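Participant: Provided herewith is a single structure, encoded as structure tokens, for subsequent inquiry.
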């Protein structure tokens, strides 16, 4: 609208030029020379160290270029196999899916927002607004922006180290995805040797790799880093309970509670919590030792009927405190009793059979909750509060309760700070690693294109004398790499929409 106005067009374009702004549909770009002095300071700091640093980065970039092709090829085969077979592979198979690809253009080097999601337990991908929690969008976009900035800082510092003129640094937003870029003098890039070019072109993926490793180290050493303020190994601290969580209620879990046991499974941290819930979900329901006298005293006559899945119910559907238990004696192996759950469980020992309950010659039975398939009765200990008795699918409890392994040493310390650091480090590891892998792919408009061209010039100039022939080889490889990446993107999106 402003550009179409005869009276405002000139002043509008002058304003954009003054502030280094460029605006087009779905794309906002800002470039500045404010940081040039800082970049030159970094690029001239300890030349020998920087030479070694970017030489190692060059070696990493070349290995990453070949490795990314193998990784994407393997991913493509896995996805095709999953599409063609009627029964998908087990969900614990590691799977890589490319779900977002935002191209860049222009003569200057740009960080391009590439997203690979590597899941160990699920083949689903992260797509903002589809299955990425809204509460974590800040982590997502901040990690993308920081990964892009670190990527471009690598290019800029390496270019100055190789005596290439640095014009400026900038940030852009494409639709909603943020990124960064550096503007280098193209003529200088073309005049330096292929090996020098490789140091510059590989610096971005190298810095992303280093950022991912640094984030992993912070995550790994977080208990030691936060030791003066938080202690670990004493349980899982509840940081949030969703409103619709089955753990909500007067005898449920509250923020600040410390979970120490799930059934007879001890919980020392969040990993134990997840592991215990996984074991409870996979194994059959545990029982509880109840003496014959107590069983006779607590039970009351009730009508027994079978559910659709074959399990037995013997309590009134309106009861909120009673549960149907099954047990066996020497004469009958299918006995049922409707019992008050809390009285049965709180003072009882966990068992798997009647043999586990024999003690002091007191006749006892191992009574097991008679529940529908996949439903479990779980006793959650969170002292000093009364135990929570949860009836439902264990995964519902896992998905609706957020916990932390870090317990504040002082009341004024935030229980959310360690969670924020942990979550942000995980996003940095994932997204910075993704940026390193994808940008190393020999594909048009990515760093891999320039890495490949410089690599071929450095290695094939003596074998293939004619420059046009080397360019043809490079073009064919780039064409194949672009097709491989495009196929992964297409199938990755198909997997998201199909599921």
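Cβ atoms here come from the backbone N, Cα and C positions, even for glycine.
Keep in mind that what you see is a predicted model, and the values were worked out from it rather than measured.
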Participant: According to TrEMBL, transmembrane segment applies to one of these ranges: 397-421, 472-496. Which one is it?
Facilitator: 472-496
Participant: Cβ under 8 Å, sequence separation of at least 6 from the ends of the transmembrane segment (50-77): give me the contacting residues as numbers and ranges.
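Facilitator: Same-chain contacts beyond the flanks: 43, 95-98, 154, 157-158, 161, 195, 198-203, 205-207, 209, 436-438, 440-442, 447-448, 451-452, 455, 481, 484-485, 487-488, 491.
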Participant: If you average the pLDDT over the domain 'Peptidase M50' (139-479), what number do you get?
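Facilitator: A mean pLDDT of 91 is what the model gives the domain 'Peptidase M50' (139-479).
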